[in-house]
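A.B. asks: OK, Swiss-Prot features for this one:
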COILED    29-49  coiled coil
COMPBIAS  1-11  compositional bias 'Polar residues'
COMPBIAS  28-37  compositional bias 'Low complexity'
MOD_RES   GLN67  deamidated glutamine
REGION    1-38  region 'Disordered'
REGION    25-61  region 'ARC ATPase binding'
Amino acid sequence: MAAQEQQQPQSRETETEVDVPEAPPAAPEAQASEATQGVDDLLDEIDGVLESNAEEFVRAFVQKGGQ
């Protein structure tokens with residue numbers, strides 16, 4: 001058998017690492033406020049649908065034929 005040479009990856013000295021600062025994390029109360037606002041918007045949308053189409057909404061969930 002022939003001897004196999006192993007090739008080692010060579011480091012590139014021309015590459016430079018740039019230290020990019022990360023954005024500071026939002027304050028916990030700001031994150032909670034954003035999440036709460038999203039939930040509030042969704043609940044408002046559901047309330048609007050129920051106010052305008054409550055009967056149709058309920059009919060969509062009525063079981064038919066013993067299902």
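Backbone N, Cα and C atoms are what each Cβ position is placed from, and that goes for glycine too.
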A.B. asks: With DSSP helix as H/G/I and strand as E/B, how many residues of the region 'ARC ATPase binding' (25-61) fall in helix, strand and coil?
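C.D. replies: Across the region 'ARC ATPase binding' (25-61), DSSP assigns the residues as follows: 33 helix, 0 strand, 4 coil.
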A.B. asks: Suppose you look only at the coiled coil (29-49); what would the mean pLDDT be?
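C.D. replies: Summing pLDDT over the coiled coil (29-49) and dividing by its length gives 83.
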